[in-house]
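Everything below concerns the one structure shown next.
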Amino acid sequence: MAEEFLATEMDTAVRVVHLASSLCVKVQDKLRLPSSTNGHVKSKDDDSPVTVADWGVQAIVSWVLAQVFGGQNLSIVAEEDTESLSKAESLGLLGAVSSAVNEALSEASTYGLPKPDKPLGTTEILEAIGRCSSVGGPKGRHWVLDPVDGTLGFVRGDQYAVALALIENGKVLLGVLGCPNYPVKKECLSNGCNSQSGAAGSVTKGCVMYAKRGSGQAWMQPLIPGGYPESATLLKVSSVDDPVLATVCEPVERANSNHLFTAGLTNSMGVRKQPMRVYSMVKYAAIACGDAEVFMKFAQSSYKEKIWDHAAGVVIVEEAGGVVTDAGGRNLDFSKGVYLEGLDRGIIACSGQVLHEKIIGAVYASWESSSL
Ligand SMILES: Nc1ncnc2c1ncn2[C@@H]1O[C@H](COP(=O)(O)OS(=O)(=O)O)[C@@H](OP(=O)(O)O)[C@H]1O
Ligand SMILES: [Mg+2]
Ligand SMILES: [Mg+2]
Ligand SMILES: [Mg+2]
């Protein structure tokens, strides 16, 4: 029998996101310790944070993909680079990345993934991170990775996601989102609820969601400490199509999305609930599993959205039954390289067509009066 289309790609992507998520959980726990020196967090040129987890995840995903698919023609488009990590003054940081990576990779076989014969050296780790400098484009296969999306949420002990997608000829073929802090109770999405686990160690948060383009199915697995879960459950978007009952999510930071514009917009549609402000692509996850109905992001016009911030989330929401477009109602274009070129104003992800059409209509009505 012919092997299922993209079976190895999907399986490897899901497993490596589980492994990457376990690395993130450990690093985030360390950041919470009062004794933490914060040596695990650096500021990038644009003042956004980057951590041991961002580099560590990029290294293990890159290393595993190269082992499974061969390093020769592997194209990975990912957020982080090695510039600041390679500097002499970053030796301590590189050591911390190396420890996190080797600790995670030592457990790779528990996740059904290849494991190095001996711990990776810092040169190999820098090589793995640096290999992810592809710029994507309209032709061929490109893996797209945001090792930690919502790094701000991550350092604040809140929501974040590990996001991995595969693009072929400009189309997203599959997407995987690791959401280690995704709560069982949706109220905890926007207010932390930092408890780790319930009675007798039962898992109360953390999952991996994934979908393959055209399958009409999106799946969720629980994140279990130190291993790969046996089971997966189907995801389904919410059936709510009345704005009055809808939960609308948006980025936490004003700098990343115009809260005033979305407030005016949702008000004009009769939305009653307060916006649910959540870090990272967990907002897409919330739509896919029916915990929210709408996700909107209207960045400043000078900001260009990057493909790794959306690819995995878009395919998961669409396969779970939702709709994702720009504010003009057009599909996002993943074929133009690192950026979502030609994006019309902002991003609108919805649980269904009816709500989506209402929002697009409301954007047209509100836009003129806004100063975006
Ligand atoms: N100025 C500006 N405007 C819009 N978006 C920006 C901007 N700067 C950065 N980014 C990207 O936003 C990603 C985080 O998005 P979030 O939705 O998590 O934002 S928020 O932290 O909840 O406010 C964040 O992803 P990570 O860097 O992976 O965390 C960035 O890629
Ligand atoms: Mg991101
Ligand atoms: Mg990131
Ligand atoms: Mg970042």
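Residue positions begin at 1 at the first shown residue.
Cβ coordinates come from backbone N, Cα and C, glycine included.
Caution: TrEMBL annotation is automatic and unverified by curators.
Marked as Mg(2+) binding site by TrEMBL: Glu79, Asp146, Asp149, Asp309. Under the DSSP three-state reduction, Asp309 (Mg(2+) binding site) is assigned to helix.
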Per DSSP, Asp149 (Mg(2+) binding site) is which: helix, strand or coil? strand
Might you list, by sequence position, any residue in that chain lying six or more from Asp146 (Mg(2+) binding site) with a Cβ less than 8 Å away from its Cβ? Ala78, Glu79, Ala161, Val162, Ala163, Met281, Trp308, Asp309, Ala312
Identify, in sequence order, the residues in the chain of Asp149 (Mg(2+) binding site) that are 6 or more apart from it along the sequence and have a CB within less than 8 Å of its CB; answer 'none' if there are none. Tyr160, Ala161, Val162, Ala163, Ser280, Met281, Trp308, Asp309
Once Glu79, Asp146, Asp149, Asp309 are set aside, which residues in the chain still have Cβ within 8 Å of the Cβ centroid of the Mg(2+) site? Leu145, Pro147, Val148, Ala163, Met281, Lys306, Trp308
Among the binding-site residues Asp146, Asp149, Asp309, which have a Cβ atom lying under 6 Å from any atom of ligand 3? Asp146, Asp149
Excluding its own, the Cβ atoms lying within 10 Å of the Cβ of Glu79 (Mg(2+) binding site) add up to 23
